[in-house]
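These notes concern the structure reproduced below.
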Amino acid sequence: MSKIFVNPSAIRAGLADLEMAEETVDLIARNIEDNQAHLQGEPIEVDSLPEDMRRLQLDDTKPSGPGEIAATGESKCQEDFQMDEAEDPALLFQSYLDNVGIQIVRQMKSGERFLKIWSQTVEEIISYVTVNFPSLPGKSTEDKATQTASRELKKETVSAPSQRDSQSSKTKVAAQTASGPPALEWSTANEEDDPSVEAEIAHQIAESFSKKYKFPSRSSGIFLYNFEQLKMNLDDIVKESKNVPSVTRLAHDGSKLPLRCVLGWVALAKSKKFQLLVEPDKLNKIMQDDLNRYAFP
């Protein structure tokens, strides 16, 4: 009977691979437990669900009449958009600003320039506000004073457009003279169409067009979704993606984009099925975490 000899180096390499695999599994498990505990569960396929999700009855007691069905749906929508006192956005925002202040002090102690720190902080705060304070559909978040100011601003825009342009240019010159944060100039540059930026965004989205990402559902589980299920033209997806904070800057620098955040942003704006499936508060937290990880590593 012949003997099979195994090279000791191959055994050592195999053991090293096993150790690396175990460490990778442990790391993934810790990440899921620490940061994405709400995403645990069996994912569901969105394609297998009906277009009109409101036909599904998740309660044990079924409404008897059309009026009761309408009342139940209305109360359910109100519950979805209500937030507990423990999750008051104002308190969360105050805590976030406190952490930002601590981070600025640490960076200044390490010797970084204030203008560089401030420009990054401005973009980070704008990103946080945009993601965590979205305007709810069908509801106005403006108070009477804000509405009055908006109407007055609109009248001034219609009556004197040249005056507005002049004031805008003066403001920009004054900001440059005072050596203000350079992040203000970036917001203006974002509004301009840059073919190279659009090409970079389209390239990264196209590479992951059929890749499915996990999103939190209203049933405390998860569901899978991808760009292909949007059933949108790639140009339209790119156009909407440019509204995501920091995405245009990342594409301009050739950096990797937070595609799950981009998909969630576009789907929340364009897909009714996605709006009915996703849990808004958890989605906002996931999108903010993705933006912080990619835009401010």
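Any Cβ shown, glycine's included, is placed from N, Cα and C.
What Swiss-Prot lists as motif 'Nuclear export signal' is 49-58, and the listing cites similarity to another entry.
Annotation source Swiss-Prot lists phosphoserine at SER64 (among others), citing similarity to another entry.
The region 'Disordered' annotation in Swiss-Prot covers 137-198.
According to Swiss-Prot, the feature region 'DYNLL1 and DYNLL2 binding' maps to 138-172.
The compositional bias 'Basic and acidic residues' annotation in Swiss-Prot covers 140-157.
Among the features that Swiss-Prot reports, compositional bias 'Polar residues' is placed at 159-179.
Per Swiss-Prot, the feature phosphoserine maps to SER162 (among others); the stated evidence is similarity to another entry.
The phosphoserine feature in Swiss-Prot is assigned to SER210 (among others); the stated evidence is similarity to another entry. DSSP gives SER210 (phosphoserine) a coil state; it is part of no helix or strand. Taking Cβ-Cβ distances under 8 Å and a sequence separation of 6 or more, the neighbours of SER210 (phosphoserine) in its chain are ASN226, PHE227, GLU228.
As annotated by Swiss-Prot, motif 'Nuclear localization signal' applies to 211-214, with the evidence given as similarity to another entry.
Long-range C-beta contacts of SER271 (phosphoserine), restricted to its own chain and to partners at least six residues apart, with a cutoff below 8 Å, comprise GLN229, LEU230. Positions annotated as phosphoserine by Swiss-Prot: SER271 (among others).
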